Amino acid sequence: LDKTHSFHHKNKKLWREDFWLPAGTHWEDIETDDDEGRFPLPRDLIYTLPLAFAFIAFRYVFERLIAVPLSKYLGVKDRVRILAPSIPKLEAFYKQNRRLPSQTEVLSLVKQCGLSQRKIHAWFRYRRNQDRPSNTKKFCEASWRFVFYTVAFTAGIGSLINTPWFWDHRECWTGYPKQPVAESHYWYYILELTFYLSLLLCVSVDIKRKDFKEQVIHHIATIFLIGFSYCGNYVRVGTLVMLVHDSSDFLLESAKMFHYAGWRRTCDTLFVIFSVVFLVTRLVVFPGRVIYTTLVVSLEFFEPFNGYYFFNALLFVLQALHIFWAYLILRMVYKFVFMGKVERDERSDEESEVDEEEDDELEGDGDESNWEQRKGSINSKLASLANNCVLNNLTNQRNINSRLPKAR
């Protein structure tokens, strides 16, 4: 208790009681005895940084010893990509800009390298394809997240199922802020914060997806939310927030794994289940129960204070991201219903780098002889396609006595 009092006393400006605690409450008032349970201390969170690096090391071992063999067993196949030829000036431009050159820059590179514009464009498309992540890499990343979310959700359910606030959210505020924290809930917090710290540390090397910026905002908001709720002893509400998020995330990652493995029906089934769980938990349960509890029910136990507004602001940031992702998921549901299958993961699995078809297009971007060969191949495929169309039309009309129009 003396250490706790000394810690808050030395950092008076940071731990102002009027910001962190309801009016009339002091840090000394909420310090618990050892036999009552653990009291949240800010210094507990310091351990999450070295643990985050340990998570990264464990992930590295997991992906190579477990995820890669599993990907081969499930039939994950990587696309063979043609390497761009070594051209130092183009390579220097690419590493510096990480994008396709503008027309003015292309003309400048033509003069510097002595190549045609077609070959300059072709080289950059080859080079960008070369940097695209393989299906195996994407499978490994999804499998690591699947394992963590599954373990976290299972542990969360196990530690919360018998708590009074799991069933009655008013219990989140009974006795607040003097609420001892169970050992299981302490470790639930530490592991969740460690995991999101590790994701933020790896954001530069992980696969960049369509919602990259939203993912970074989500990780930062989550880290602030977990850290702030622990220091302010909003642990009961915090455990519910984490459980709601973990309930659908492991389904998404499992759907990705089977998508990369080419198990289309399994992927589609898991996607439908994930969509239902996500929409219910993020658009109904989270705002209707969790945010309502923190925003409205809590006022029955204390007057609004700075920490109350900050905590709810972080929850609203998460809810805004939920609405954005729900929009992407509903687009996928629309495609699934009207097209019969999931083309790609609209929520976060569409890379922003290049289109999948670019490799095929690049095969025709070489010299003129290659272009002629490519053109002949295209003409052959078009002729085959036209024949198939005619056969289909004839089949569909075979029971009709009238003759086909001459144009058909």
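Cβ from N, Cα, C; glycine included.
Among the features that TrEMBL reports, DNA-binding region is placed at 75-135. TrEMBL lists 348-370 with the feature compositional bias 'Acidic residues'. Annotated domain 'Homeobox' per TrEMBL: 73-134, in sequence order. What TrEMBL lists as region 'Disordered' is 348-374. Taken from TrEMBL, the feature transmembrane segment applies to 45-62, 146-166, 186-205, 269-288, 308-330.
Same-chain residues lying 6 or more positions outside the transmembrane segment (186-205) and placing a CB less than 8 Å from one of its CB atoms are 38, 40, 44-45, 47-49, 51-53, 55-56, 59, 148, 152, 155-156, 159, 215-216, 219-220, 222-223, 226-227, 230, 235, 238-239, 242. Sequence-remote contacts of a segment are chain residues at least 6 beyond its ends whose Cβ falls under 8 Å from one of its Cβ atoms, and for the transmembrane segment (308-330) they are 19, 22, 211, 214, 217-218, 221-222, 224-225, 228-229, 232, 234, 241, 275, 278-279, 282-283, 286-287, 290-291, 294-295, 298, 302, 346-348.
Averaged over the DNA-binding region (75-135), the predicted model has a pLDDT of 81. When the domain 'Homeobox' (73-134) is classified with DSSP, helix, strand and coil residues number 37 helix, 0 strand, 25 coil.
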